[in-house]
Every structure is written in structure tokens, then in C-alpha cells.
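Residues or ranges marked as signal peptide in Swiss-Prot: 1-27. Per Swiss-Prot, N-linked glycosylation site is recorded for Asn163, Asn326, Asn380, Asn446, Asn580, and the stated evidence type is sequence analysis. The feature motif 'WSXWS motif' is assigned by Swiss-Prot to 415-419. Annotation comment: Swiss-Prot describes 625-736 as domain 'Fibronectin type-III 4'. Positions annotated as topological domain 'Cytoplasmic' by Swiss-Prot, on the basis of sequence analysis: 762-979. For 770-778, the entry in Swiss-Prot reads motif 'Box 1 motif'.
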Amino acid sequence: MALFAVFQTTFFLTLLSLRTYQSEVLAERLPLTPVSLKVSTNSTRQSLHLQWTVHNLPYHQELKMVFQIQISRIETSNVIWVGNYSTTVKWNQVLHWSWESELPLECATHFVRIKSLVDDAKFPEPNFWSNWSSWEEVSVQDSTGQDILFVFPKDKLVEEGTNVTICYVSRNIQNNVSCYLEGKQIHGEQLDPHVTAFNLNSVPFIRNKGTNIYCEASQGNVSEGMKGIVLFVSKVLEEPKDFSCETEDFKTLHCTWDPGTDTALGWSKQPSQSYTLFESFSGEKKLCTHKNWCNWQITQDSQETYNFTLIAENYLRKRSVNILFNLTHRVYLMNPFSVNFENVNATNAIMTWKVHSIRNNFTYLCQIELHGEGKMMQYNVSIKVNGEYFLSELEPATEYMARVRCADASHFWKWSEWSGQNFTTLEAAPSEAPDVWRIVSLEPGNHTVTLFWKPLSKLHANGKILFYNVVVENLDKPSSSELHSIPAPANSTKLILDRCSYQICVIANNSVGASPASVIVISADPENKEVEEERIAGTEGGFSLSWKPQPGDVIGYVVDWCDHTQDVLGDFQWKNVGPNTTSTVISTDAFRPGVRYDFRIYGLSTKRIACLLEKKTGYSQELAPSDNPHVLVDTLTSHSFTLSWKDYSTESQPGFIQGYHVYLKSKARQCHPRFEKAVLSDGSECCKYKIDNPEEKALIVDNLKPESFYEFFITPFTSAGEGPSATFTKVTTPDEHSSMLIHILLPMVFCVLLIMVMCYLKSQWIKETCYPDIPDPYKSSILSLIKFKENPHLIIMNVSDCIPDAIEVVSKPEGTKIQFLGTRKSLTETELTKPNYLYLLPTEKNHSGPGPCICFENLTYNQAASDSGSCGHVPVSPKAPSMLGLMTSPENVLKALEKNYMNSLGEIPAGETSLNYVSQLASPMFGDKDSLPTNPVEAPHCSEYKMQMAVSLRLALPPPTENSSLSSITLLDPGEHYC
């Protein structure tokens, strides 16, 4: 015990000595100035790193000290930053501190110094600052190289929205340096003649591969060099959103979150942010490999409460979010499986499913959704392992989609995903009768009934309608009925019935059964045809119809309608109205503007006989007429004309035609009576006349001037406006006297045509009466007296070859001088004082002598020819023949003779009409044409016939030649005879 007391006394004495020493040290106020200050640089982070020590600290003592750091730039007097750094200092400890510079360290020289202050409660007051350490100079420019231009910082990484300072260093102060940010010039502040700094405030994110900044040095127009940097701007790291953890099997926690914007940059400057999951109760940490989810294994140590911290981190910042939860409250079940339907009929079904078991005695809350026919029904049920639910009140022949999902019934967290299946209920017999209506048209001796019915809705059809039964029963003969089966999907049929009353039933059938019958009665009496049609106006909402109630008992009304211009079978509709209703609105999307619709309103008696009550017609919206009438101009006179357009149909127009506008233009620009001035759409003026009666389709425009020019244009109009614009039709009134001339000339022309027709019909009689046919001499029987040699030649006889047996003086023309064509000789007056004859002479060289001669004379032809020497008897001396010149070529004469032999006189060719007088018969004499007998032998009997063809004596013909086959025609002396 005494030893312990001695030891205790010794300890306290030692402690007291130590406190006394400390007090002495403090009393001495030894200086604690920082020493051994060293400054290093980090160009990547653009930071200064300081390290120093503090001398004169007591051995194994710790003191709380404050260090004040001062940083200057370019020169020591330019202090840019002053700050304090507090820490606990140990004996012989090396202290560290870093400072990041906004200006790149390469752009300027920096100076650093430090002083200290003891801030420890163990030291008595007052405390005082130590002396400043000496300035420590930091310069990085010496290590940049020898280029003339530099831009700093290199590849700096900053966050979007921060402020950044860049600079350039130019070795040559004579250079002009321009800097650009993404092609746009920027302006900075000159720090010294070699350095200029640029402050970029709130830099934006442009691209993940960085923002381009470059500077160009030049002297005059000569570029000295270009340098640039890439400034990497990162998106701001966001705090994870919607951080949540849950389990589906109590073995694994599945944590998810929304990572927000990815902060990854190109060139591997910064990867995507990383996520770390830290659980504070267990102290475990896990680096997540996915950016939006992470799994955490649940241990079997019955831990139920978890406190998770999710840390997001990149090179620039960290973000974290925390959740605290109980494991049993975060159960997210797996999907149900094995969904099936049992005992499915037309209206009921049983749905079954299974769930994944996770714990014993676990209760599941399941939700069922049933979708069908546009409706959704929802049911909830609690189960242990297997689920089952009875679905009732279903529609027949309907496809349903049923699905189920489950959750923890004790601590609801969220529903599982859906699991579902489709099923279809069975068909049932149709539950409603078809809606039936009819159109009855009367024909001689029968009714034509067109039945229509609307297809049953899916709700009432209860399946696919296969056919319709139409039963027709004659009410006058109850035992007589007919059954017509109409296959679906037809919705109409046509029946031809006699003039009896009939009851018609329509029944719809599917694979299960038949619907109730829809009954309609066709009366033997015709419908009420005395109902007048009333015009109505529609609106955008449809047609509002009203009618007077039918006297007597009615079970309802039917309103049917159709397009006025189309086939009734293609657009026929009807609507049933209750017995106490006398108005309705017909509204449907099928109504179109400009289309006329006809409505008929029927009342249905208790016997289901329809009676027509009213007819109405109208447009849901009237439009202007779609076309103009084709106008004809009739009865055009000098003072008026009539316009008519009888063929214009008003029924097919897109509105009720209320009348017509007649526009008239004239050069006088004065409107006639009944017309008024109007201005057209093109600004031109004209006269306008309004016809208010749409059935009046003619107009007489009178009080016009003769020989005047007019233009007209007719257009119909409805309540919506006029018809389309068109060109004016031109018309000119005739002269005032032209009609009188027409009245005179037309009868004259008619008379002339009548005479010509009569003459044509009596042409044969006129010919026989006025100019009968002249007999053909070659067909005369006298020719049988003449004997021809083989191959005879037609010749003109010489004068000496024919001795006349009689002389007949035809005429004694006055003495004239005649130029004979063939010989170019003329006859004196003394030579022509006596009658002359023309002789036909033979021209054959082997002519043996005179032969028989036939002379024909016809004084009905050219008198001049007969006077100058026709076929006659002239007292001419045979010893003094006078040759008559050839009047035509021998070839033409021969052709003419041959023609006369073959044809009648009227068939002589046109080329031979130059012959004025040609004998039709020449004796076939043979001999030399040049040898004429001096003593002509008396010719045998010479038959006479009137010469039929005259030859023009005025034609100049060529002289005869030796090769001619015909002799010339000569003029004989008196006493000679010719044939």
C-alpha cells in the first residue's frame, strides 16, 4: 500500500514537471513558422500542390493550427487568392494542400507563401501569426517548348454550365493572334504582351467528342501558325430517380432506378457514370454492372429491414440516393400461369389459373379482367395456390379475352404482370325479330313487293345468321302460303303478288334456332296516291320531320327515305317511330350536301297495314346548280328571237331550281323592257332578266334591231346561288327584207323542183313526142341489095362513079366565094350560081369502074350545108367537075362511118363532132382515087335517102394525101349526081 502511494506521488510530480515545462515553452512564445515549403504542379488538373513542415513543435505534441496561404500571379504584389487551412499538426509532420487554378498554370508565373497560427486551447491567449515564409515561384512556361504559339489548357474536362478560362502564349509580340470557339471569334483580356486570357462563362455541352477552340497567329495577311485545344464538356451528373428494390421469391432483391443522362465522353475522356449499391446495416457494398438495375442476394440471417444507398459517380462529381424498407412489404410476384377455361357454354364459363409458391401460408390477391364487345368487367379474388372463378352473364357467340394478375394480400406492393387467354361462348337462337319494311309498286294485275330487312346486331343474332325464311300467306285464301329461303347476307327480296291481301313473315336463322317472326301485311287496296309532296329544308344535324297523327288506332309510324336520283335498292333506309310520336329527326352521316332525299311517312294500323300519310323531299344542304341548260335559238327574226331549254332537267340538280337568270349583251348597252342592268363577276356590264318559274323554259327576246349583234347566257339559280359561269352565245338578227325574199324564193324553188321531177317522170313521153328516134340506115333492108367484097373499105366516091337518075334543085344561093379547104381554091360567084352536089367517090386504086350508088338526102339538118351542095339533083355538067376540098381527115370520116354502122346517130364520139355533114352510106366502090372517068357510065338505080349529118364548112382541114383511104368530097358541076 505504501509502495502504491509512493508510485502515485512520483507520477503526479512528473506530470506537474511536464506541465511546468509546457508553460515555460509557451511563455517563451517560440515561433512556429512553416518551413521547407515546396510547390509542385499538376497540368491535368491545373492545380498547385503545396507541402511544408512546422519546426519547434514539442515532441510528441499535437497542436491545432491555422495556415494562411497567399498566391500571387505574374508578380508577388498581384495577389489573386488568400485562404486559410486548418489542421492538427504533429511533430515532424509533412503537411499537404492543393489549389486549383482557374487560369491554366502555363499562362502565367505563380508565387506562393504561407504563415501559421496556433489555434489550440492548450495555449493561452493571445495567439499571433508567424512570419511569412519566403515566396515560392512556380513557372511552367519554360517546359512548353520553342513554338511561337501555345493554347492552354490541354484536354480540360469540365461540367456543363461551369466557367472556364483559357489562354494563349505567343512568343512573338509582333504577331496578331485571333482565337475562335467552334468557328466563332472570341475576345479576351491581355495579361502581358505574350499572354491573353479568355473567360468562357457557363460553357454548353455541344458534343461528346468535345468543343473545338483554336488560335491563329499572323503578320499582315501571312499566317504564322495555328494551335488549338479540345475542351471536354460533360453533362451534369443527375441524381438517380425512382430508386426501388423488391423481391419475387425472398431470395434476391431486384433494385431499379432511372439513371438520367449518360455523362460519357468520347476519346475515353470520361466513361459512363458508375453505380454502387451500399447497405448500411450489413456494411456491404456492390459495384453494379448495369446502369439502371442491380441484384442483391438476400442472406438467410432473417434480416428484414434494409437501408440502401445508391451512389452515382463520374470524374467530376458524385450523387447518391437512399431508401429504407421492410422486405415483406416489397414483394412483387411472378406472373400467374396455366390459365384455362372450362365448361364454356353460351352464357357461362369457369376460369382457372396457378401462381408460383414463395412461402407457406402465403395469401394471394388476384384480379381478373374480362374484355368483350367493347366492355370491360373486373373481379377480385383471394387464393392460396390455385385460382378459380365462375364467369356468368356472358353473351352468346362472343369472343372474350380474360386475364389475371396477383399480388401479396397481406402487404400490397404492386400487381404482377398479366397472364391471359381468349375464349368464345357458344351460339344461341336469335333473340329478336328482324326489322322489316317494304316498297309496293302497282303493276297491271299484281303487286310487286320489295322486302327489306336490317341485319340483326351481334347482340341479338347470338351467332352467325345463315339464312332468312320469308313466309307469304294469302289472307283471302288462308290455306295458301309460300316459303322462300334467302341465304345470308342478303337483306332484300322481291315478290310478285296478285291483287289480294297478304301477310309476310320474315324469320332469321342461325345454327341453333330461329328468331321471332317479323310480320307485315300488304293490303289489296292500293296506297294513297293523292298525297302531295312537300318540300323541306335540312340542316347540318339532319332532317326534322313532323306529321299529322293518323286517325284511329295505330301501333306506330315508319319513315323511309332514299336518294332521289339513285336506285332505291342501293340507298333505302327506314326508321320506326312510336305510336305517340308525330315528329322525329332523321340524322345520319350518309346525308351528303347537294343530294336530294325523298321521305315517306306511313302509319301502321293494329292489323299491321301501312297507310301513306305524307311525302316530303329536301336537301340536307342545297348547293348552286352544277350545270347550265343547253339553249336553242328559235324563230330568229329581225326584231326578236326565242330562247328555249326544254331538255333541261331540274330534278337532278343539287338544289331546288327556283328560276333562271337570262343575261343579254348588245353593242348599244341599253337594256330592253323587262331587263335590268347587272354587273358580272369579271366586272363587265350586261342586262339581266329573272324568271321565277322553274318550269318556264322559254323566253322571247323582242324589241331588237335588225342586223344587230347580241350575246346571251342563261343560268339557273337555287337558294345557294347561280350555276357555273359560262361563255355567252352569239346571235345576229337578220335584215328586215330578207324574210320577204325567202317567202318569194322558196315557192319558186319548189315549183322548179316540181317541174323537174315531172319532166323526169315523163321524159320518155316527151322524147317520143318532140324528137322521135331516127332510123339507122345501116339497119335498112335496102342494104341487102348491095354486095360487098371481102374486107371492104369505106370510101368517099369520086364524082364520076355515081350517075344520078334524078336532079333536084335544093336552093340557088347567091354567088359567093368559097374557099375549099383541101385544094386551097375558091369558087367564084358565077361558079356557084347553079346548084352543086357533093359526090362520094371511091378511092381504091383498083377501082374498076362505076358501081351502084345510093344517095340519101335529108333536108331537116343544116340548111347551109344543103344550100352549098346537099344530097340532091343539081344540073351540073359532068364534064366540068369541081373538086370540093376535104372537110375533115380521112381517118375521122372513116371512124364516123364505122360508128354509124355500129351505133345510132346519138352515139357519135365527141372527137367526131367537127363533122357538120356526113353521109351515112357510101357505096363500096373500088378503084383508083386519082382516076376519074371522063365519060361516066350511067349508074344503076340509085336509091335516095335524106342525108342525116351536117359537116361544118368553116373547119380548115388538111388536104388529101395519097395514103388516104377516103376520097375527097368534091363539088360537082351541074348535071352531075352524087351519093
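Along the chain as shown, residues are numbered 1 onward.
For all residues, glycine too, the Cβ spot is worked out from N, Cα and C.
Look at Asn163 (N-linked glycosylation site): DSSP puts it in coil. Its Cβ placed at the centre, Asn580 (N-linked glycosylation site) has 9 other Cβ atoms within 10 Å. Per DSSP, the secondary structure of the domain 'Fibronectin type-III 4' (625-736) breaks down as 0 helix, 46 strand, 66 coil. For Asn326 (N-linked glycosylation site) paired with Asn380 (N-linked glycosylation site), the C-alpha to C-alpha distance reads 26 Å. Across the fold, the C-alpha of Asn163 (N-linked glycosylation site) and the C-alpha of Asn380 (N-linked glycosylation site) stand 59 Å from each other. The separation of Asn380 (N-linked glycosylation site) from Asn580 (N-linked glycosylation site), Cα to Cα, is 46 Å. The most densely surrounded of the glycosylation sites Asn163, Asn326, Asn446 is Asn446 (count of other Cβ atoms within 10 A of its Cβ).
Secondary structure by DSSP for the motif 'WSXWS motif' (415-419): 0 helix, 1 strand, 4 coil. Asn380 (N-linked glycosylation site) sits 65 Å from Asn446 (N-linked glycosylation site), taking the CA atoms of both as reference points.
Cβ-based neighbour count (10 Å, all protein chains) for Asn380 (N-linked glycosylation site) stands at 9.
The secondary structure of Asn380 (N-linked glycosylation site), as reduced to three states from DSSP, is extended strand.
According to DSSP, Asn326 (N-linked glycosylation site) sits within a strand segment.
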